[in-house]
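A.B. asks: I am attaching a structure below and will ask some questions about it afterwards.
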Amino acid sequence: MSTDTGSMADLTPGLNAGAGGWSPLWSDKYQWLEVDLQRRTQITAVATQGRYGSSDWLTSYLLMFSDTGHNWRQHRQEDSLGAFPGNSNADSVVQYKLDQPVIARYLRLIPLDWNPTGRIGLRLEIYGCRYTSEVARFDGRSSLVYRLSARTSWTARESISLNFKTLRNSGTLLHAKGQRDHSLNLALERGKLLLHHQQDVSSGSGGKLLVSLGSLLDDQHWHHVKLERLGSQLNLTVDKNMQQVHVPAELSHWHIHTLSVAAVQSHGLQTPILPNRNFHGCLENLLYNDLNLIKLAKQSSPLVTALGNMTFSCSEPVFVAVTFTDSQSFLQLPVLASWLSGVVSIALQFRTWNKAGLLLTFDLQQQEGSVFLYVSEARLRLQISKEGTSLLELSTGAGLNDGQWHSVELNSMENRLSVTVDRDEGATAHTSIPLLPAADSQLFFGGCPAQRGGLSCRNPIQGFQGCMRLLKLDGQTVDLIKVQERWLGNYSDLQIDMCGIIDRTDVMKTCVPPGETLEDVLKKTEPSRLCDSVCRVTANTEEDALSPGETSTATAPTAATEEPPATASCEIYKHKGDTSGHFYIDVDGSGPVKPQLVYCNMTEDQTWIIIQHNNTELTPVQVSADTNQHFVNFLYPSEEKQLSAVISQSEHCEQELSYHCRKSRLSNSLDGTPFSWWVGGPASGQIQNFWGRTLPGSRQCACGLQDNCLDSSFYCNCDADYDLWTEDSDLLTHKESLPVRSLVLGDIHRPGSEAAYRVGALRCHGDKNFWNAAFFDEETSYLHFPTFHGELNADISYLFKTTSSSGLFLENLGIKDFIRIELRSSTEVVFSFDVGNGPLEVKVRSDLPLNDNRWHSVRAERNVKEASLRVDDLPAAVREAPADGFIHLQLNSQLFIGGTASRQKGFLGCIRSLQLNGVTLDLEERARITPGVRPGCPGHCSSYAALCQNQGRCVERASGFSCDCSHSAYTGAFCHEEVSGSFEPTTSITYIVKEPYEASKNSSSLHSSIYSDITLRGDDVSLSFRTSQSPAPLLYVSSFYRQYLILLINKHEELEVRYKLHSNRDEEVLSSRVMNLADGRLHTVTIRRQANTVAMQIDQNAREEFNVTADVEFNVRSIILGRVPESEGLSADLAGSASAGFTGCLSAVRFGSICPLKAALLRPDGRVSVAGAVVGSSCAAPAQADSYAAETTHSLSDQPLSVDPGQPLVNTIRSDSALVGGVIAVVIFIVACAAAILARFICIRKETYRNQEVKAAQPGDGRAFPFSGQPDSLSVQSGNQKEFFI
């Protein structure tokens, strides 16, 4: 297909697929085809074919890969550079299998040569599979620490592996510390990886160098590193290179007990020992032996501690580099007009292996000479010369041919000229020679054109070979992509958007003649000349990659066995066990709508899809004298089709619209025309004038719908036109009017008028497709739909569950052709079809039965090349289509689901989320009118109950399920989020299990209480703690009969469990053998007593068992965490320990079904009381105590504004009623204090808790909004705020 320069090229889906192909309008060396695979993919092979029915094909080409669409990397085979063989005709397929799979998102194919009697023509197919990884980004101040168990013993084999990418040439990757302060340190130094053996790292000495490997590892590409100890050998692997070194004697029986990643951490884990050597970049798949540490960090595992701002994504800056390949390379840019005044500023960065090369030259006015900035003898020199005579020379720097990036700045103003390298002082000269470029002068970087064409460019120095980036003229970065597209300047023999230099020693090894060593060749050959042939290959091939303006981009089909890159909704991610975060969703599967990145909020019962736009903050209106209205547009990262698909698929969507006003009306104009309106809905949207959950066209706000506006004669608060701040805020829920695309505000120019607006993120929940199901309860029942049109491509996916051993899922017939999917037996699914070549079957067999009444997924695909079938996570079965045969599937009957009219036995069970070529069939709607079929499907907990963790209970819902965490010590969508708190010595949490009158009842009545599941002759206790205090009480359980149970850390830092089950006997002390529990690390304890047998387990240590002499009923009265205020009945030493309190962190505390810490922090009621301060935190990650809260997306409707009306809005909105606001604030404060005092006398038991709660309920950022929840501010708001300080 021919395409004009600068347009997008179509890519046919697969080879041998009929007419078409890519063919640019111009067949020259400036063309390429770029393919976006939508996500990082493991690419294993590419295949090419000429354009259908033509004389157009490629005979050779280059392949380049990228993760970001920038910073390309040319594919090399066995470290050589060269072209890949293409085709010899338009019909044959030539496949090239990569020796090593390439992980990339983008692929760029660059034609080098093509059929001389035709044009560039191509059909392309890319083979690969989905690539998944765990990624973390470190910002130079963050790190990750993994502490091994204290009982870990020496093993003969240990390994650490990871992938990393960075722009910094130095930084610590790993620091492994063992006994006797011996450690191994793996760090980047000037782009190389160095492995040191150190002792006493705090001294700052580098230690003994064991091995050095790699070069130019700061190129912002992924590099693989593996450090492995095998007995007495250490192996270090970097990419494809491996070196082995003998383990020092001091490390012969040394093993790791602390592994620090991205920094060298001190014992206290507070600050790194050598902060200037921290790693800045991304790590991927960090494995210690087979343990994925990044995955553990994401799961907040107690084994791993994340410090600082470590994020689980890899965002990276875009620096467009350019490679000068040989003496013919140059970059030409025009001078700036502002330079004619004599003030010149030029900056750039470069890296090279050569000792000499021209960086920049340009001519001065009135033939005053030429300026040359160049490298000579590895120093930077600046020369101004005229007719061969040097007028001025400056030099600075040294050793600039080391392959590292060096920055250069050239500045001239007021007879002062300076040139600096790497921000040192450099060289400065006072000169009378004005640095005034000629008006028609050009800047030449790297060299001069071979054909000058009237341009004045002279290069007395050799051309520059290496890379440049960050070219700045007067502080403005030159857009090199515009240069590449020929919109700016000129160039030749450049590689743009990549730095193509490689480790010279590796290239030299490929250039050494047989029978000679590298050292022999270097004695007689200059290194820069050694591999001219290799450099020439680079230049000749890459110049064909440079395009004047055409970048052809397409989404390539991958092999049929590749899993889909994204699920259809956040709901599906949730039911895979994922928690809140950013995910790609693909609403229509294989349909035309591309996957999009959204935020999935799974913290509530509903699973929300959240799509942000460019301004979700409360924004003041800036009045301009040039216009009578204020316009604002909202830009969404998703495309129009993507937004529409999400809204259409969701059961409910909403978007907050808030208008804060002071003498600024919405719709009170005399002629009835609204002052303000907004535009929303699909495509370009429609003008809307309703301001909340009211009906479109109503011109009403929320107060008009609720009949509580400030002035009953208006339908909006703002229309009352009061000279005080008020607002009209509500959620827009009419899906057909969403999203909000723009806002027009009109009544803002009158004296005293002020306004602010906020449009929240688009929020949707409920996947109508995912839960769309039908239940077939009769063997003769079925659903029917119109004929399925899948002539060349059929993509069918669904979920099913059944107790039957066989049944028909789907069938559609033609005259001879057909397509069918069935459960042939309890362990086999069969996909069969006929397109005229005879019936073909694709089968998947399972080792486990599929009729287990649990959900199973099926995906069947068929195209002109092959057919595939995947069931659950089993390996896909694939069958290739006949080489010469029919390819069109021709059907004409109805599509039958669950059975057919001719079959007596159909499918019994549920079918859900049925999609055909990206279109979801509405099974529920058809089931409502079909006998023997019911809409929906019961029993989701049979499949999803395992997602409810930590004693959470699965609860059935009409669409899906939820986890009931009421009896769990955890919270969250899956009862997976720890509830923990930091305690001070005075902190005490008391949970009253039974009041005195309850204890007086008979034993039968005890079982009728809400806590009847507590076993009176046994108990079940679990908790986690972190402390450095000993002794320290953890948990105290008391009864009315002088019985008690207490858990504490004794003075020897061991765990003690003390039972007193009989009031007339001494207490029994059970001591664990596990030591050093007051080490500041997180420990988990589980204790179970049944009658007189007690089992205790700490962390992953072996379970310990004890026997107690007493076997009586333990009637629990109360549970106390932290300080025990009353010590009646306790021994003197125990009373002293209990009253001293606990300092540290407690988490996930559970006694039977009672969770006292969770009750105190999240659901305080009359049974719990708190003395002192307890602050919600994360015991597992102390440096990220509020990371979860920071991740959650909030709506303004969830955070009520409650501030004095005289305070400024976002520090920018002025208010003329400061005095009034101050008076109101004082009144509010007095009323609040009076209410607090009254509450104290009414609820004396909760005094401490409520007083602390009042203090916590004063949000620190409330001062940013000039609106009050009191009547004086003319706005009433309500809402609840989570409080973690009690």
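Placement of Cβ uses the backbone N, Cα and C atoms for every residue, glycine included.
These came from TrEMBL, pasted as-is:
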COMPBIAS  550-566  compositional bias 'Low complexity'
DISULFID  C910-C937  disulfide bond
DOMAIN    1-129  domain 'F5/8 type C'
DOMAIN    135-314  domain 'Laminin G'
DOMAIN    320-499  domain 'Laminin G'
DOMAIN    561-613  domain 'Fibrinogen C-terminal'
DOMAIN    772-937  domain 'Laminin G'
DOMAIN    938-976  domain 'EGF-like'
DOMAIN    994-1179  domain 'Laminin G'
REGION    542-566  region 'Disordered'
TRANSMEM  1218-1242  transmembrane segment
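Could you place these features in context, so I can see how deep they sit and what lies close by?
C.D. replies: Around the Cβ of C910 (disulfide bond), 24 further Cβ atoms fall within 10 Å across all displayed protein chains.
Confidence for the domain 'Laminin G' (320-499), expressed as mean pLDDT, is 85.
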A.B. asks: For the domain 'F5/8 type C' (1-129), which partner among 135-314, 561-613, 994-1179 gives the most CB pairs under 8 Å?
C.D. replies: 561-613
A.B. asks: Look over the recorded stretches 135-314, 561-613, 772-937, 938-976 and say which has the most C-beta pairs under 8 A to the domain 'Laminin G' (320-499).
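C.D. replies: Top-ranked stretch among 135-314, 561-613, 772-937, 938-976: 135-314.
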A.B. asks: Report, as numbers and ranges, which residues of the same chain sit near the domain 'EGF-like' (938-976): CB under 8 Å and 6 or more residues beyond its ends.
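C.D. replies: For the domain 'EGF-like' (938-976), the sequence-distant neighbours (Cβ-Cβ under 8 Å, at least 6 residues beyond its ends) are 571, 574-575, 577, 579, 602-605, 607, 766, 771, 775, 801, 853-855, 1022-1023, 1148-1150, 1153, 1155, 1157-1158, 1162.
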A.B. asks: Output the single range from 135-314, 561-613, 994-1179 maximising the number of Cβ pairs under 8 Å to the domain 'Laminin G' (772-937).
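C.D. replies: Answer, by Cβ pair count: 561-613.
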A.B. asks: When a 10 Å sphere is centred on the Cβ of C937 (disulfide bond), how many other Cβ atoms does it contain?
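C.D. replies: C937 (disulfide bond): 25 neighbouring Cβ atoms within 10 Å.
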A.B. asks: With helix taken as DSSP H, G or I, strand as E or B and everything else coil, how many residues of the domain 'EGF-like' (938-976) land in each class?
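C.D. replies: Breakdown, helix to coil: 7 helix, 12 strand, 20 coil.
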